[in-house]
Every structure is written in C-alpha cells, then in structure tokens.
Amino acid sequence: MTVVVEAEFTDRLKRSHPLLTLLRRPEVGALVAAVAIFLFFSFFTQAFLTPAGVSTWLYSASLFGIMAVAVALLMIGGEFDLSAGAMTGTTGLIVGVVTTQWGLNLALALVLALAVALAIGAANAFVVMKTGLPSFIVTLATFFILQGCNLAVTKLVTGSVAIQGMNAVPGFQQAKVFFGSSFPVLGLEVKVSIVWWIALTALATWVLLRTRPGNWVFAVGGEVTSARQVGVPVFRVKLGLFMTTAGAGWLVGMLQLFDVSTVQATTGVGQEFIYIICAVVGGCLLTGGYGSAIGAALGALIYGMALQGIVFAQWDNNWLKAFLGGMLLLAVLVNLLVRRQAGMRS
Amino acid sequence: MTVVVEAEFTDRLKRSHPLLTLLRRPEVGALVAAVAIFLFFSFFTQAFLTPAGVSTWLYSASLFGIMAVAVALLMIGGEFDLSAGAMTGTTGLIVGVVTTQWGLNLALALVLALAVALAIGAANAFVVMKTGLPSFIVTLATFFILQGCNLAVTKLVTGSVAIQGMNAVPGFQQAKVFFGSSFPVLGLEVKVSIVWWIALTALATWVLLRTRPGNWVFAVGGEVTSARQVGVPVFRVKLGLFMTTAGAGWLVGMLQLFDVSTVQATTGVGQEFIYIICAVVGGCLLTGGYGSAIGAALGALIYGMALQGIVFAQWDNNWLKAFLGGMLLLAVLVNLLVRRQAGMRS
Amino acid sequence: MTPAPSRPEPILEVRDIGKAYGAVRALQGVSASVGAGEVLCVLGDNGAGKSTFIKILAGAHPHSEGTLLAFGAERRFMHPREALDLGIATVYQDLAVVGLMPVWRNFFLGAELTRGRGPLRRLDAARMRATTKHELARMGIDLRDVDQPIGTLSGGERQSVAIARAVYFGAKVVILDEPTSALGVKQAGVVLSYIARARDRGLGVVFITHNPHHAYPVGDRFLLLQRGRSLGDFAKSEITIDEMTALMAGGAELEALAHELERR
Amino acid sequence: MTPAPSRPEPILEVRDIGKAYGAVRALQGVSASVGAGEVLCVLGDNGAGKSTFIKILAGAHPHSEGTLLAFGAERRFMHPREALDLGIATVYQDLAVVGLMPVWRNFFLGAELTRGRGPLRRLDAARMRATTKHELARMGIDLRDVDQPIGTLSGGERQSVAIARAVYFGAKVVILDEPTSALGVKQAGVVLSYIARARDRGLGVVFITHNPHHAYPVGDRFLLLQRGRSLGDFAKSEITIDEMTALMAGGAELEALAHELERR
Amino acid sequence: GCTGTGTGSGDGGSPAGEPVTIAVVTHGTAGDAFWDVVKSGAEQAGTDLGATVTYQGDGDPVKQSQLIEAAIATDPDGLIVSMANPDGVRGAVEKAVAAGIPVITINSGLEKSREFGAQTHIGQSEFIAGQGAGEKLAEAGVSNVICVIHEAGNSGLEERCAGAADTVGATVSNVQVDVANLADAQNTIKSKLLADPSIDAVLTLQTGVAVAASQAVDEAGSSATLATFDVSADVTRLILDGGMLFAVDQQPYSQGYLPVSFLTLQKRNGDVVGGGLPVYSGPGFVTKENAAEVATFAENGTR
Ligand SMILES: Nc1ncnc2c1ncn2[C@@H]1O[C@H](COP(=O)(O)OP(=O)(O)OP(=O)(O)O)[C@@H](O)[C@H]1O
Ligand SMILES: Nc1ncnc2c1ncn2[C@@H]1O[C@H](COP(=O)(O)OP(=O)(O)OP(=O)(O)O)[C@@H](O)[C@H]1O
Ligand SMILES: [Mg+2]
Ligand SMILES: [Mg+2]
C-alpha cells in the first residue's frame, strides 16, 4: 500500500532567489560591516591602506581572530570560555619559565605547554558537564585561578612578573619561523600568524559545515536534550570544543611569545571578552546553536581594523573605548539590518 | 452538569516536609556557603571577628551587594547589564565634575547624575527591546562608551584622571550623612551603605515575591513570548529593570564618592562581573527566570567575606585571584549540592 | 443546536486576511467570523495555517493583508494585551506558560489578584492558589502541589492549566488552538463540555482541532483551511461529519487505510 | 490479527519498573513487554507516567526500581546512545529536534551519511537532502525547502519529521510518544499505516496515544497506566475498544458528556 | 599598636627579637611590574630584619581604603601606604594614625603625607619622575613625543606623562595600549608611528611595553628615540645595544625596603627616621654607561 502524495508546489513561497540563500548565512552582516569599516578608514586616514598599515591591522586582527574562531565554535556549541584570554598568558609563561629558568629544551617546553592547556580545557569541560553548572561561571573560576597562578608562580620562580631573555634560549630562532616570522607577499610584510588565522578559519568552517562533529556542534548548542536523545555524544563534543579553545589559546600564546619574545604575568587578562565580541559581531548567537567560523574571523577583522584605524585617524586616544563601543554597536546593528533585509528571523 | 472529580491524594509524593519547601528556595545554597566561609575565616584568622574586622567585610559586601541585588533582578528578568560597573564611576564623576569644576549645587548635581543614569538605563532597555540584540552585547557597548567618556571627559574638564577637592563642596557634609556616614551599633562601626544594602534587599525581595511587577519579572525572564501572549507588558518590565540597575549604579557611585570623597575615571571598570558572580553564587540562573534578591545579597556577602578574609589571613596577595577563583567554584558547588539534596532540579 | 436562520452579530470577523513570514505565505484570503454564543471550528491539515489564523485573532502577530474587525471596529492588534483587553482569551498551541514558575503564578500571570492599595498593594497568593486548585480540579486534574514549577507537569497537565486559565478569564471570546491534542479521553471530554458551556454563556469560541469527532459535536460553523487558503466556511447544516472528515483528509484513502491497518 | 497463542520472544521487557523525579513517584511497579512484530499500546490519563515509561525504554532517564531487559539481557541505559545502538529508535513527545538546524540535518542528526574516508570524510549533504525530502513526501508532507530551520515548521510538520526519522532508522524497536496528537487526519492515518508496516516487517513497536480509535486498530497488547501504576497489560482478545475507552476515561461519564455537548 | 603576644626574643643575633608586623597597602594592581619590585623590597626587608610583612594593593581608592582598614583591624606595628589619590585614602590613613599606628607613605602623595599624620614619605612622585624623563629627552633634542599609557586611566601613569610633557618642551601625545596584550600594543605603537611620521621619541612606562615599542619602531621603519620607565634585563640589554636611550629608575626596591626597615627600627629601637622630611628614593637613570651593572640586579627582580 502506498499513500499517494502530490508534492506539487503552491504559490506559498513568495520568492527564492539563490542569492538570498547566500544572504542568509550568519556571516553576511559581518561582511557588510567589515567592508564599511574598511572603506571608512581607507578613505579618512592616510596610513590605513599603505602596505605597512595593512600588515599592522591584519596582524592585530589575526591574533584576535584565531581565538575568536575557536571561541565561536565553542559558543555555537552552547558554551563560553572566559579562561581563553588568561590561557594565552599561561602557556607563554610556562614556555618562558621552563626554558629560561630551568633550561628545558624549547620543543619539549612547547609540547608541555600545549599539554597543560589541553588538560585545563578538558578540566573545564569535565566540570561543566559533570556538575551542570553554567560554563560562564566555571570558566570564570578557571580564569581567576589561572590569573592568580600566572602571577604567583611566575613571581615565585623568576622573582619578577615577566619573562626575560627568551631570545637567548637555544632554538628560539627556529621556533620563531613557525610562530613569530614574517614574509613579504606583494609588498606586504605578512606575519605568520595571519597564515595560521586563515588556515584555522578555513579548517573550522570545513569541520562545522561538512563533517559529522560539526553537525553535532550545532546540535549540542541548539538543543542539548534533543541532541542527547538522538544519540549525539554530547560529552565528547563539548570536551573537544573546550580543548580546541584551550589549544587555540596555546597557539596565540606562542605567537605572542615569539613575536615580542617576552611575556608578562598579566598577559591575556581581559581579552576573553574581545573574543566573544568578535564572535557575536560575526553572527554567532550567545545562546548557542547558530553562527559561523568565517563570521568570527570577520568579527576579528572588524575589531582589528577599528582598533588600528582609530590610531591611524589620530583621534584623541582617551576616547578609544568610547569609539570602540560605538563601533561595536554599529557593527551589530548593520549585521541585524542586513539579516532582516535577507528575510531572516533574528 | 459537573464532572465529578476525586481529588484524593495517592502515594506518589514520597515526602513533603515543610522544611523541604524552604530548602528549595534559590538562596539556600548560598546561605550554606556563606556560613561555611564565615566559619572558616572566623576560625583561621584573628581579625575577622573583631568589630573592626566585621565592619570592614560588611562594608565591602554592601557595595557589591547593592549592585548584585539590582543585577539579580535584571538577570531574573532575562537580561544582563555590563555597564553597571562603569555606571558607578560615571555618576560619581558627574557629581564630582559639576560641583568641583562648575560649582553647581550639590543637591542639583545628585539629581542630575541620577537623571543621567536613569536615561542611560532607559537607552539600554530601548536598544535591547527595539532591536532584539542580546543585552550582553548592547550593554557591553554601553560599557565601552561609558568607560571612554569617563576617562576623556574627566581629563578634558579637570585635566587629571581623578576628582579632587570634593569635601570642600558646600553641602558635602550633609550629603555624607546619607551616603558616607557610619554609626555605632553594638560596638560595630556600621557604614550607612550597609543599611541601604539591607533595605534594598528587603524591598527587592518583597517586590519580586509579593507584587505583580515582581511576578512579571520572573515571567519575562523565563519565557518572554509566553509572557507577552498572556498580556504582560514586557517592554515596561524590562525598562523598569534596566532603570533599576542604573539607579543602583548611581547609589553605589554616591556611596563611594561620599565615602572617600574622590572618584577616579576608572572607577567601576571590571566590577560588572563581580555583580553577576554574586547573583549566580546566590542562585540566579544565567538564563533568566529564576533566582532571588536575598540570594544575590548572600552572594555579595560571600564575596566580601572572601575578599577581606584573604587579607586577614595574610595570604600572599599574588594568589588572591586564584583563591577567589577556588572559592567561587566551591561556593557554586556547595550551592549545587545543597539544591540537589533538597531534591530540586538544577 | 441547528444554526439559527439569522446568525448572531459577529464579535470577531476577518475579511480576506493574510499573513506572510518572510518568504513564506502562511495564510491568504481567508474570511470568517464568530458571533456571541457561537463555536467556530477551524480545521485543516498540518501547516494549513490554523495557528497563524488564531495568532492574528489573538494579537500575537499582526496580519499583513485584509481586515480584522473586533466588536464591529477595524483593528490591527500589535500586542496580545490589546486583544486581551477586549476580552479575547487564547490558549496557544505552545501553551504560553513559563516553565520555571509555579502553577498558580502561571494561572494568573498578567491578571494577578491583589490585596491592599497604594504601595502596599500586593499579591493575594492564598486566593490565587485556592482558585487555581479549584479550577484545575473542575477539569479533572488534581495537582499535588500548585507551587511546583509548571515545567514539571506532564504535557496534558500543562495543557489543562492553559485551558482552565483561558476559560476562567475569557470574557467575550475564547480561542483554543488544538486544546485536546495532548489530552486524555477524560480531559478531552471535559474540555469539550467547557466549550459547550462557554458557548451557552454567550461567549464566542474559536476552536482548532484535527479530530472531527471533537469538532463536530460542539461546532456551529466550520472553517476549512488548506495550504494557507480557505476551502470554505460551512454552517453545521451544510456539512456532515463524514464530508468534513473527507475534506480534511484530502480524499477517500481513509477507508482503505482502516483496512490496511488490520491486515498483517 | 488475533494474538497468536504463543507470544513472540520479547525484545524489550520491564519488570516492576519504577522511576522517581525527586519527590515525585512518576512510575512504580509496572511490568510489560514487546516482542518482534508486536505493537504495545500504552494508554493512560494525563500524567499517568506514559512518557516516563518510554523514556526509560529509550535510555533518556535511567529507571530507579525494577529491571529492564533488552534482547534478553538486563540493562540500565544511562544514555540514549546505548538504546539507539541496540536498534531502539524513539519519537519523543517533545520531538527531540534542534530548532535552529535545517530539516535535513535534523533528520540525520547522530546518524549522518558521509562520503570519503580518513580526514576527507565529509557529510554527504546531497544524499541526505534527497532522502529527507523523499521520506517526508512519503508521509504526505511536501516541504518547500529542507534547508529551512525546523523551528519554522508547523507543529505537525515537525512531528512528521521526527516520526519519519524514527521509522527510517528504527532497526528493531520503534517507540512513539503520542505521535499522532498534533497530526491532521491524513497524517495520522499515514502514521498508523507506518506502525502497521513496521510491525509487519517484524519490528517491535511501542505506541503511546490518548486516542482509542488510533490505538485499537494497530495494537496487539494494551498497557493501561493510572497515576504511575499499571491497571493491567491486556491482549487485544481480552478487551474491547469500549471497555478500553471506559477504563481510560475512568468511568461512564462519557455517555452523559456526549449528550451534554449537544444541549444548548 | 603592639600585639605583644610573642615571647620576646626570637633570634638572639638581632638587636631586638621582638616580633614586628608591618602592613603595606599600595595602589598597585597585582602583577604590575613596578609594584611587584616594591613588594619584593618590602618582603626582603621583612626577611632581613625578622619582621612579618603583608602586602596588598588595589587601584580603586574605595577598595584601597578597605584594605587599609582591614590592615588596621589586624593591629600591625606599622603601616605603609602609597597615595596616588590622597583624598581617597585620607579617612583610612587618619584612622590608622588615630589608632596609634605609625604610618609611612611611599611613592606618591608627598604633598599630603604630613597633613594626614604620616611620619615620613619615601620615594618620588610620579610627576617628578616624569619631569626627569622629560628633561633627559629634551637633552636628546626631540620634538614630537608619544607617551604610551598601558593602563587606561591609571593616575600614576598619567602623572608620568604629564611630568614629561612639563619639561620636554615638545609636543607630547598619549597613546593607550593594553598591557595584557603586548603583541597588539606593539601594533598600536606601530600604527601611531605610521600615522604620524614626525614622531621622533617614544616614552613607555613599563618594561614589557618598552620591548614591544622597540620592535614597533623597527617595523615601522622609524628612527624614533626610545626611553622607558623601569628596568628589566631586556631593557638593560636594549640600552646596551643602543636601541634605547635611557630608562628612568625610580628604584622601587628601596621604596619597599626602606619604610619597612624604618618602621622596624622604630618598633625595636624607638628611632623615628627622616625627621619629618621626605626621603627620595630616586631619581636614577639607567643609560649606556651604567646599564651593565644594573643588569645583574634587574635579573634578580630587584631593580
Ligand atoms: N515563524 C514562522 N516563520 C516562518 N514560517 C512559519 C512560521 N510559523 C509558521 N510558519 C509556516 O507557516 C505555515 C503555517 O503554519 P501554522 O503553524 O499556522 O500551521 P498549522 O495549521 O497550525 O499546522 P499544525 O496543524 O501542524 O499546527 C507552515 O508551513 C509553517 O512552516
Ligand atoms: N522532570 C520531571 N520532574 C518532576 N516531575 C516530573 C518530571 N517529568 C514528569 N514529572 C511528573 O511525573 C508524572 C508523569 O509524567 P509523564 O510525563 O510520564 O506523564 P504522561 O503519562 O506522559 O502524561 P501526558 O499524557 O500528559 O503526556 C507527572 O505527574 C509529572 O508531573
Ligand atoms: Mg498549529
Ligand atoms: Mg507524555
């Protein structure tokens, strides 16, 4: 027996231009905002479009961007990681302390720092999942603990609150190739972190949209009970996300360490919100289940351009935060407008 | 015609001790945690229980507590206000600038600062409600804007980053009675802010549990569509909540200003999370719709006791943040445990 | 029970009404009305636009085409409050309850009872608790505790609360979106008798259901929707239950189906 | 269709099973079983514990008393994954869909189709889209766009997706919690025929409904719950539809009700 | 103020074994490089002299006052306070004085020290230090200076820049960077240099930022002169390499060490040092000439 079905389409769909489907991607608003900010500063400042200028704001954006992409994945998966900023400091300090003070091999130190970061990420995931406490609170506690340990341990071991003499460590120059070098492309001095940023954004996008784990990330963020009920391994997915964020923290920690060849105990404190801002400007929902990696990368680009653009424009620096606030508001409003135009439900 | 109903009770309820009902209040976990921390520091430090010691941590808790209660109301109503910390600075600076620099009457200045605060609160509410953007982002932008303006305007007008000479302003001593005085109670020097704190907590509790607007706060935070559908004036409720938070910011701004008779451009920056922490430790859900004012007050008490207790215990202040993080985690875990014991669903 | 030759003055009326969600036309060109003491049943397939229809009447969404008349005056509800204030109470398909709040607070949400005056005006919790308990008991639901969060009730219990609330507050019109779908046989019977009683008290009732056996006994008029359009607005005298069922099912396959089920 | 004198070997069986949510005993001392090619209908009032019963079978909540046997072995499911891996597919009353995700991603969630291998293993989106469209069309749901978020579908459309998914993936047992409640006449008919077909293919089916007219035609055994306890587990031969309805309604008031509705 | 619980003699060698507790409450936030050295100095003095030293800090005057009051509650034998915002801690300091606790102010707040009842002031105000840096830069003949503030609104940093602007005789503009993100601080300084090529001097106020600034100057292809406040191993290396002109050394270590030893002496020996006049801990400049010898101290975290 078969139930006969007429699947003819009625006139209930007003229009369905393929462009519109594209316009409904989460990152479209951020793209428009990024273009607007780009044009604005290109037009109103001298240095913004010079090769040196471009490489400055690209570099600035890349450091925020790597973390923003990881944090965006986590946010799509329904969680926050407020310890992400401090983590960049922790990993840098670990490498700094064990190499400059205890003479450990640099490669070993890098692996050690990564291992510690991943362990902390796993611990975050574990506490969040086993207790059911909101990750906002759990990772806030982690943040405080890392912040305290960064300071106290560094002081205890080195006697001061910053790592000195990093560039005298054997192997520093080799490691710098991966983390702190730059190379010319079309007249631009491109820092290697920009390569990392683009590569990670591409990878994250692929994973999110084209793989099973990516599908699960949306599911656990959108409706965790439903995801569990259809058999998604919720714990594993969240564990992976927290560890990814921690791993990204390690990467950024290394990029900073090898760029300025010093790291301070306060490194990264307060940056965690910038990552969240980038992700949200890029179209991620704070409540989870919706967003994109490219969007977060664009959010970071907006932030980096605004941050450096304000300096290029030579506006009174005391107003910096006020300008940033205004731009944040503007970016999310443009984002909203574009999405509404595209007929999305916000 | 009537449908006959037998309303006899079956044995499906395991137990229903009246104490248990009490134990299910949101603030019960915080109460247990507060008692634990109190006992801990009373036991392990000398100064914690001395009159001077008690009044120190009570005062510290009261400043956090006033804001925490307001922020808790807002959180129960489903919104955040990240500009709450900077608001304490803004209001203090307004009063400071207009009185010391422009010679405005102090009473007028107080009213002016309150009006500005309420207007900013209303603006927050307006943007959040009209655009549908998450309040986390909107108020983050407000926070940046306030932070920038606090710094830039103060520098512009006074040439420095702090207000000096407040206590030479006519009427200062009279106003100090309301905002900066202290009086002895049973050998304790009780600051007037503690009175404000207790009064506001009581008022907020009464409003939340015993009035229609309070009922609506739970409703708009728990399920805003449902609330709208049954006719709750959602906009008015949220407007009221944002303005309450801003008003509390004004109050704390005044309490600080009249206590130390100076205010700095950076005042309040970074405090917004402490308020949220207090509210969450006190049993509020980050997702809204659940929590209590007393809980938030207890959360602030815990925070104040921990902060000063660590000082009394003479632990190395480099570890301060790590201790705070550990205590935060402990407090929410105790909270969770108590609630689970009471048979609540977390 | 047969429709009077002269229909009562309509309380709520829509003419050529339509609504689009972004690119989706959920409803177009639908006309219908309900008068005092009348039950309008809205029937139709899944996705036919029934919920959209009642959301317009209830003020949850403004309509995008056509006209809506309430008590003779043209209206465009921007907020459910406006409809409620006119005495139009609604039970939504998704119930409009706040999961974390106690049952009694949900029951009276937006229309709380108070005691005292001025700044001392406060909730009359005792009276609200008692009323809630009583109204639910009348529907055959005996709750152990009206203080438990409504989110912990079973689906049908929650639905009963929403219905009891609408009936209790419905002043002129009660709108019910699939109120019986999650209900047990007994509770469904109670709801139907509620509808009949509301009708007898002179209220207008708009009643959405998929179950012709629920619709036919209480309905006076039947609005059939299909894919957002109206198939017609029939008086009870113009249609039999079998015709109606056939129209709803979109054909005669139903008979075949009944046999199919038994075959093994 | 009459029950065979020797019942098939049970695939799923519970003995004296019970579950408490904090202070509430939602279920106690219930025993039942379902074999291959058998349909077990679970009937009962609102709040009787039906959803709780199937959540135990589906692994959504572990039981707190009694024993659960799956394929002869004692089990205590801690995670739905465990049940799914044994071939037990479930449609929950609250559907278990992720509102913001496209329909096709929801359909295949947790069991995505992939192409390629190793690090290049990726979702086979085209095949999943096509399958989703096809399976839904077979249920009489023609979606304009399987890429739209499932949250924008009507209640019944969403339910159809959940059912189509469970039937598509259900390997040994399909559990359905009130699958027909939000469905139109046509769709409900389709679901019933699905159940019959699954049964004929040798699957065990657990089917919860409030509608005796839906339950009786397809059911082999009927488990009646009341207030968390079992009123009995009847074979079809042991009970008539009218007895069943009477048991579900808790008395003979139903007849009176039918008259009541017509009176004006 | 005397707790007097002890048995008297702890270690026989010291002039008096009487237990001494001293509380230090500054306006430095935890992790601030400058205040960390002050803390080290105070703690070292405590170890050397057998005194118990506690250290707390918070930049907010309300919180600093609370910390002072908490310290008073523990009834110490001496109190050391830095006063970035003298009005703000006035109440608390006067309370300590009223309770009979000897108070010494350090770093900033020289003008009000006496008025509030402190015995003496040790250190050098940030403004004076800034003036010193300004003079040095003026000698180098600069005309357009940026002063890099690494913590927005920090009054001490603002004072340093204001002091420099007071004496340098050139345009000084402030640039805000975030000390928690040195790599980006470098970007901001670079952007500033790119935006205004006429900038010929960069004054940083922190050692990490100094390192970042030196890279920014390189990357921007600028020839700006670099100078900084505070000393670290990396900074001395930069000075030796010629990448940096000088570092202002306020000798924070002694700002911590001296008051603790003064108060310990007072408790044990009744000495009141300073005679009511301030003790200047600075000014010191680290330049190419003396950088090598300072470097060894900086590595120990005591400079
Ligand atoms: N918020 C929305 N955004 C986009 N489309 C929507 C929205 N709400 C409903 N729709 C679409 O409008 C159509 C009508 O939906 P509606 O909920 O009115 O159907 P219904 O007749 O109530 O169906 P059911 O019987 O399943 O409840 C459906 O096709 C649905 O997909
Ligand atoms: N998570 C929970 N916490 C507390 N009590 C619960 C919970 N879930 C269900 N209950 C209670 O357990 C009882 C049984 O609920 P269940 O959902 O199993 O009923 P049901 O038979 O499916 O009802 P319905 O036909 O209305 O769906 C109800 O009284 C309900 O209030
Ligand atoms: Mg509907
Ligand atoms: Mg159920």
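Including glycine, each Cβ sits where the backbone N, Cα and C put it.
Here is what TrEMBL says about this protein:
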TRANSMEM  A:28-49  transmembrane segment
TRANSMEM  A:56-76  transmembrane segment
TRANSMEM  A:106-127  transmembrane segment
TRANSMEM  A:133-153  transmembrane segment
TRANSMEM  A:192-209  transmembrane segment
TRANSMEM  A:239-261  transmembrane segment
TRANSMEM  A:273-306  transmembrane segment
TRANSMEM  A:318-338  transmembrane segment
Selection from A:28-49, A:106-127, A:133-153, A:239-261, A:318-338, the stretch that has most Cβ pairs under 8 A to the transmembrane segment (A:56-76): A:239-261
Criterion met for the transmembrane segment (A:239-261) and the transmembrane segment (A:273-306) (at least three Cβ pairs under 8 Å): no
Same-chain residues at least 6 beyond the ends of the transmembrane segment (A:106-127) whose Cβ lies under 8 Å from its Cβ atoms: 81, 83, 87, 90-92, 94-95, 98-99, 133, 135, 138-139, 142, 146, 169-172, 175, 235, 238-239, 241-247, 249-250, 253-254
Leading stretch by Cβ pairs under 8 Å, where the reference is the transmembrane segment (A:192-209) and the options are A:28-49, A:133-153, A:273-306, A:318-338: A:273-306
Of A:133-153, A:273-306, A:318-338, whichever stretch has the most CB pairs under 8 A to the transmembrane segment (A:28-49): A:273-306
